[in-house]
Amino acid sequence: MAQLSSQGNNAIIYLSYAFMLATGLFLAWKFSSNKDFLSSNGTQRGIPLALNFVASAMGVGIITTYAQIANIAGLHGLLVYTICGAIPIVGFAVVGPVIRRKCPDGFILTEWVRHRFGMVTALYLSAFTCLTMFLFMVGELSAIRSAIETLTGLNALGAVIVECVVTTIYTFFGGFRVSFITDNFQGVCVLLLLIICAAGMGSYIEIDTSKIGPSGLLKANKLGWQLVYILFVAIVTNDCFMSGFWLRTFASKTDKDLWIGTSIAAFVTFAICTLIGTTGFLAVWSGDLIVGDENGYDAFFILLSKMPRWLVAFVLIFCIVLSTCTFDSLQSAMVSTISNDVFRNKLHINYVRIMLILIMVPIVVLAVKVADNILQIYLIADLVSAAIIPSVFLGLADTWFWYLRGFDVMAGGLGALLGVFIFGTVYYHSAREGGKLLLIWNGLYDSSDWGPFGAFVIAPVGGVIITLASAALRIAVLYAYSKVTGKEFTALDKPVTVEVENQDHTYGSIDDDESDTKKVV
């Protein structure tokens with residue numbers, strides 16, 4: 001690697017963090033208020049939303065995860081990953097207005113769940129939501145640590161701690177409003193990084209065209225087809241756990257702005273992740289790696305080693321900016337979720353800020369001590385979301401599933417995770433391996449191992465089946481109880497909901513006809 005001196009690297013790292021701190025504090029002083037600390041509903045137009053969704057969908061981890069899949073499953077696997085990562089962003093424009101019709105004063109998914117299924121179910125979903133964001137924060141710190149150490153050869157512990165301190169300080173004062181603005185900055189940085197790195201790689205990397213055909217990286221493959229299902233289910237459901245996406249969905253001024261923002265973001269995310277991922281097979285064609293190389297996740301940095309030092313320094317700066325903005329978004333989203341779901345936004349803003357500081361301690365410890373496999377961290381969160389989210393979303397269709405209650409949803413989600421364990425135990429003939437499957441211990445990229453595929457089938461399908469079975473059993477028990485006691489049977493009564501309209505939106509069910517919805521001013 002064409003590295004700078006340790007003094008030069010340290011200067012770049014800590015001056016970059018100082019710049020981000022100064023920028024964040026200035027934005028907090030200029031734009032923040034207690035009103036916007038947790039959310040900014042109905043304030044944002046399409047283009048700022050697009051930049052925010054792009055930034056929320058990315059972190060430094062994209063540099064390694066997409067290159068790794070490209071090195072293993074070639075163009076087929078890479079396109080599957082990037083398409084599956086982009087399409088769910090548009091899903092917020094589809095589902096977001098429906099959620100807002102039902103819960104116009106909320107700003108995250110769990111608030112609608114509280115209205116539909118009750119407090120206990122909302123806390124259940126909130127716990128898994130916070131767990132997901134916790135894992136993503138650990139993954140992001142692990143990713144920036146790996147990036148800094150690879151680019152500089154330095155121990156990145158100090159940089160990781162400084163990043164946490166920097167984002168905590170300006171998020172402490174600015175909250176969601178500052179996070180939203182820094183995400184716009186991050187979106188621009190990602191585009192600049194892409195343009196400069198693409199130009200650099202085009203100038204300094206030599207491709208041996210004789211290796212392209214024999215590598216087989218441009219052909220369809222079994223793993224690529226397996227990932228079509230696995231990654232789509234994993235990413236669609238996991239995005240629903242990311243409160244940062246919901247905060248931005250509710251921040252849209254109109255549904256049209258939401259459609260514009262998510263559509264642009266989906267396309268840009270697809271393009272950026274695809275181009276970054278191509279380093280996985282470019283490194284093979286340049287002779288630096290082999291197909292399925294154990295260092296495939298480092299393909300971007302391996303190619304970067306062929307470039308001049310100024311370009312390495314540039315990439316280091318933008319990795320820091322990218323990670324800092326991603327991390328502050330996760331911080332803001334987690335604090336907003338806890339404040340809303342646990343304390344009902346009644347906690348004094350200073351206590352919310354203290355909570356922001358406290359959650360950093362375990363995250364830093366885990367990121368430094370135990371988080372080595374970034375992709376596996378994400379996959380654990382993906383499997384949990386695949387088990388829980390489908391049964392929750394049945395509650396959007398009141399015409400068909402009005403009889404579902406919170407108990408059914410919780411039984412479905414937890415039962416699905418138990419089902420994955422049972423499947424793994426049977427498939428691998430070992431309870432130990434069944435437990436490992438819950439953690440996706442063996443990864444996704446072994447096409448001969450159908451365990452992960454089965455897990456991502458059992459999780460959503462099993463969750464829905466168990467939810468419906470739980471509802472049927474509960475209704476049957478209540479019916480028998482009403483017959484025995486003579487009490488009124490109400491288990492199949494449709495819940496009465498108040499339809500509310502906010503701004504130019506109509507709020508109701510996913511299957512409501514607009515002509516039947518009453519406008520309330």
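Think of each number as a place in line: the chain as shown, counted from 1.
Glycine is no exception: its Cβ is also placed from the backbone N, Cα and C atoms.
What Swiss-Prot says about this protein:
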type	residues	note
TRANSMEM	11-31	transmembrane segment
CARBOHYD	Asn41	N-linked glycosylation site
TRANSMEM	47-67	transmembrane segment
TRANSMEM	79-99	transmembrane segment
TRANSMEM	117-137	transmembrane segment
TRANSMEM	187-207	transmembrane segment
TRANSMEM	227-247	transmembrane segment
TRANSMEM	264-284	transmembrane segment
TRANSMEM	310-330	transmembrane segment
TRANSMEM	354-374	transmembrane segment
TRANSMEM	377-397	transmembrane segment
TRANSMEM	406-426	transmembrane segment
TRANSMEM	453-473	transmembrane segment
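When each of 11-31, 227-247, 310-330, 453-473 is checked for Cβ pairs under 8 Å to the transmembrane segment (79-99), 227-247 comes out on top.
If you look at the transmembrane segment (406-426), the same-chain residues 6 or more away from its ends with a CB under 8 A from one of its CBs are 117-118, 120-121, 124, 128, 383-384, 386-388, 391-392, 394-395, 433-438, 451, 454-455, 458-460, 462-468, 470-471, 474. Across 11-31, 117-137, 227-247, the stretch most heavily in contact with the transmembrane segment (310-330), judged by Cβ pairs under 8 Å, is 11-31. If you count C-beta pairs under 8 angstroms between the transmembrane segment (377-397) and each of 117-137, 187-207, 453-473, the highest count goes to 453-473.
Here the transmembrane segment (264-284) sits against the transmembrane segment (47-67); at least 3 CB pairs are under 8 Å, leaving out pairs fewer than 6 apart in sequence. If you count C-beta pairs under 8 angstroms between the transmembrane segment (227-247) and each of 47-67, 117-137, 187-207, the highest count goes to 117-137.
Taking Cβ pairs closer than 8 Å, the transmembrane segment (453-473) reaches residues 226, 229-230, 233-234, 237, 382-383, 386-391, 394, 403-405, 407-409, 411-413, 415-417, 419-420, 423-424, 427, 437-438, 440 in its own chain, all 6 or more past its ends.
Contact count against the transmembrane segment (47-67) (Cβ pairs under 8 Å) is highest for 187-207, out of 11-31, 117-137, 187-207.
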